[in-house]
C-alpha cells in the first residue's frame with residue numbers, strides 16, 4: 001500500500017489540510033516583506049553635498065548657496081557627489097556659465113544633505129552609503145541573499161534529518177531574533193551581519209513551508225495547494241508596499257516586517273509534522289496519531305473504529321509496512337542527489353532552472369522605477385500582477401503539464417526582457433506593458449518551480465533536493481542586484497544578461513521528467 005492510497009481513505013483534502021495550508025500561508029506571506037525589503041530599507045533619496053556655513057552666505061537664499069557651491073548636471077539638476085572647492089559667486093549673475101575648469105571641483109568634504117520628503121531615514125542616509133560608498137548600499141541585498149543561500153543548504157539537510165515542523169519553528173524563532181537585532185543595529189557592520197543571519201533563518205521558512213503543506217495533500221489537490229500558498233507571497237508583496245508607505249523610518253520598518261513571525265510561531269502549534277517524513281524515518285506511532293487526527297477532522301470519525309477498510313490496529317500495521325527500510329546508520333545527504341543517474345540529471349537540470357527563475361525574478365523586482373510610478377505604487381502593482389499569473393498557471397500545470405509550463409514561463413520572461421531592449425525609450429506605455437507581462441511570466445515560473453521541484457524528489461530526499469535547488473536559486477538572487485552595475489560597460493548589458501539566462505535555463509527545463517498525475521516518490525528506487 002502506498003501513502004497516497006491511505007491519504008485518500010482518511011481524506012486527501014478536507015478541513016485538516018485547509019487548516020494546515022492557511023496556517024502555513026502566514027509565514028509565507030511574511031517572506032517577501034523581507035526578501036524585497038531592500039527596495040525601501042536601502043532606498044537612496046536625492047542628495048547633494050553639505051555646504052559649511054560662511055559669512056558671505058548670510059544674505060543668500062538656500063537656492064543661491066547651492067548655485068554657487070555645487071556644479072550641475074547637463075539636465076540642470078545639482079550633482080550628488082561633487083562640489084566646488086571655492087564658492088563661484090559669478091554664477092549669481094549668469095547661472096548658465098558652468099565652470100569648465102575641473103580643478104575647482106572636488107568630492108563632498110562635509111557629508112551630504114538628503115531630501116527627507118519621502119523617507120524619514122534609510123540605511124543610505126544613516127551611514128552615507130552614497131557616491132563612493134554606493135557599492136556597500138547595494139551589497140546589503142547581496143549579504144541577505146548570501147545568508148539565504150547558506151540557509152538553503154543548512155535547513156534542507158536539517159529538515160530531512162530532524163523533521164519539517166521542528167526546523168520551521170527554529171527558523172521562525174531565529175528570524176525574530178536576528179530581525180529585531182537588525183532593527184537595533186548601531187553600525188553598518190552590525191546590520192550586514194544580522195541581515196545575513198536573518199537571511200539564513202528565513203531560508204528555512206521559505207524551504208519548509210511548501211513541502212510541509214504539500215505532503216499532507218492528495219495528488220488531485222497538489223497544484224491547488226501550491227498555487228494557494230504562492231498567492232500569499234503576492235499578498236505579502238502588496239502588504240510590503242502598504243507597510244513601507246506607513247513606516248518611513250528604517251529601524252521601525254524592520255520591526256514592522258519582523259513582528260508577524262511571532263504570530264506564525266504561535267499558530268504553528270496546530271500544524272502536525274509531515275506524516276510522510278515520519279513514516280520514511282520509522283516514527284510510525286507519531287504518524288499514526290496524526291493520521292487519526294486527520295481522519296477525525298475530515299469527518300472520517302469511523303475510520304479508527306470500523307472493522308473495514310482500515311481499523312486502527314491494521315492502520316498501524318500498514319504504516320509499519322510502509323515505513324522506508326533504512327540500514328543502521330544510513331543517512332541521506334546532498335551527495336546522494338548526484339549518486340544515481342536519474343537523480344543526478346534531475347538535480348543538475350532543476351538547479352539550472354532555479355538559478356534562471358530567481359535571477360530574472362529578482363532582477364525585475366528590484367527595478368521599481370521602470371513603470372513611471374512612485375516606488376510604493378510600483379511595489380503594489382508588482383504584487384497584483386502576480387495573482388492572475390498564478391491563476392493562469394494553476395490551469396496550465398494541470399492541463400499541459402509541469403514541464404512545459406515551467407519551460408515556457410521562463411522563456412517568455414526572457415523574451416519580454418529582451419523586447420524592452422529594442423523598444424525605444426519614448427514608447428513608455430508599450431515598455432511598461434511588456435515589463436508587466438514579463439513580471440507576470442517571471443512569477444509564474446517561480447510558482448511552478450516550487451510545485452514542480454517538490455514533486456521531482458523522493459520523500460527521503462525531498463528537503464535535501466529543495467535545499468539544493470534553493471541554494472542555487474539564492475545564488476541567482478544574490479547576483480541579480482549586482483548585474484545592474486554592468487550598465488557602466490554597456491547600457492543594455494544588464495537586460496541582455498537577464499534575457500539570455502532566462503531563455504537558456506527555460507530550455508533546460510525540457511530535460512526534466514513530467515510529474516502531472518504521478519504519485520509522489522517515497523524512496524530513491526521509485527525514481528530510478
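Every residue number used here counts from 1 along the chain in the order it is shown.
Here the Cβ of each residue, glycine as well, is placed from N, Cα and C on the backbone.
Just so you know, TrEMBL annotations never went through curation; they're auto-generated.
What TrEMBL says about this protein:
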type     : residues : note
DOMAIN   : 87-517   : domain 'Major facilitator superfamily (MFS) profile'
TRANSMEM : 12-31    : transmembrane segment
TRANSMEM : 139-159  : transmembrane segment
TRANSMEM : 166-186  : transmembrane segment
TRANSMEM : 192-212  : transmembrane segment
TRANSMEM : 224-246  : transmembrane segment
TRANSMEM : 252-271  : transmembrane segment
TRANSMEM : 346-364  : transmembrane segment
TRANSMEM : 376-396  : transmembrane segment
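Between the transmembrane segment (166-186) and the transmembrane segment (252-271) there are at least 3 Cβ pairs closer than 8 Å, counting only pairs 6 or more residues apart in sequence, which means the two stretches are in contact. In this chain, the transmembrane segment (192-212) lies apart from the transmembrane segment (376-396): fewer than three C-beta pairs between them fall below 8 angstroms, excluding pairs fewer than 6 positions apart. Confidence in the domain 'Major facilitator superfamily (MFS) profile' (87-517), given as mean pLDDT, stands at 85.
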